[in-house]
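Asker: What TrEMBL shows for this protein is this:
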- 12-94: domain 'Shikimate dehydrogenase substrate binding N-terminal' (DOMAIN)
- 67, 92, 107, 257: shikimate binding site (BINDING)
- 71: active site, proton acceptor (ACT_SITE)
- 121-199: domain 'Quinate/shikimate 5-dehydrogenase/glutamyl-tRNA reductase' (DOMAIN)
- 131, 132, 133, 134, 135, 227, 250: NADP(+) binding site (BINDING)
- 250-279: domain 'SDH C-terminal' (DOMAIN)
Ligand code: NDP
């Protein structure tokens, strides 16, 4: 039998895309499993998204990740969209099956898995989200689907995104939702069990920044999470740790959302520790 030089193609479409690190995680995971998969980091301009999505079929690709600015726009090119991704109105993972394109959103699921890995229960809990952008939408819908009782959504007033997300949770899920106008130093209500920073405050290179919160209102019974992947041990988490809270960083979400996407593409479960190690090495935080 001859050697097979063909590789299964997956990857990410985005604009900008140069600094997206998912290829590091992906190739480490695929090599660990010993499967011939190649993750491509592809610059796709907004006006070319339709052509790029048709290329998935033409090139017999297994699937693709979507990142800024394609997560919403891609919906119109898909044959099927999962229910939760429909509610979020955003897709970050597409897989190809029998020549058709299936859309999923694994960001929020990755977040939920990272909580469960730390033994955190979501059912009946009150969660507060700082921010109401794409990551927040995905996390809010999945927290509600996982049985959270109430979501408090804090966002700056100008964009109107906080109110929109609050209405979405009220209308499309069973959880209660309340909008908090974030135009002052935010006190964390004592009913909060899980506090999540979903903003990009603290993302490299602005690692000296932290959300405008009264950290003395963070209590030891709270679980405090950040989505920032780089560098993951943010000032926000450090302040919460000082008040005795349990902290969960954004690497867990990043790795777990990728594991779920890779399962759609390969049918295999990649090892989280291999992926986490590859990312930490890449960021120089071993
Ligand atoms: P968006 O641009 O969609 O949303 C950003 C949110 O942060 C908005 O609600 C915005 O408020 C708020 N915000 C930004 N700056 C401030 C500020 N100075 N004060 C208060 N609020 C602020 O971004 P995404 O949701 O796509 O991404 C957010 C973060 O999540 C990024 O750092 C990204 O790296 C991370 N992420 C991590 C993932 C992981 O796997 N770990 C997966 C996906 C994202 P406003 O509406 O007022 O503008």
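Quick reminder: no glycine exception, Cβ is built from N, Cα and C everywhere.
TrEMBL: automatically predicted annotations, no manual curation.
I'm curious about the neighbourhood of these features; can you describe it?
Answerer: Taking the Cβ of residue 92 (shikimate binding site) as reference, residues of its chain lying under 8 Å away and at least six apart in sequence are, in sequence order, 65, 66, 67, 71, 104, 105, 106, 107, 138, 257, 261.
Cβ-based neighbour count (10 Å, all protein chains) for residue 71 (active site, proton acceptor) stands at 24.
DSSP gives residue 133 (NADP(+) binding site) a coil state; it is part of no helix or strand.
Tertiary neighbourhood of the domain 'SDH C-terminal' (250-279): same-chain residues 8, 10, 21-22, 24-30, 32-33, 35, 37, 62-63, 65, 92-93, 95, 102, 104, 106-107, 109-111, 113-114, 117-118, 225-229, 232, 234, 286, selected by CB-CB distance under 8 Å and a gap of 6+ residues from either end.
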Asker: Given the recorded positions 67, 71, 92, 133, return the subset with CB under 6 A from an atom of ligand 1, ordered by sequence, or none if empty.
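Answerer: What lies within reach of ligand 1, judged by Cβ under 6 Å, is 133.
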Asker: Where's the emptiest Cβ shell within 10 Å among the binding-site residues 67, 257?
Answerer: 67
Asker: Which of 132, 135, 227 has the fewest nearby Cβ atoms, counting only those within 10 Å, among these binding-site residues?
Answerer: 135
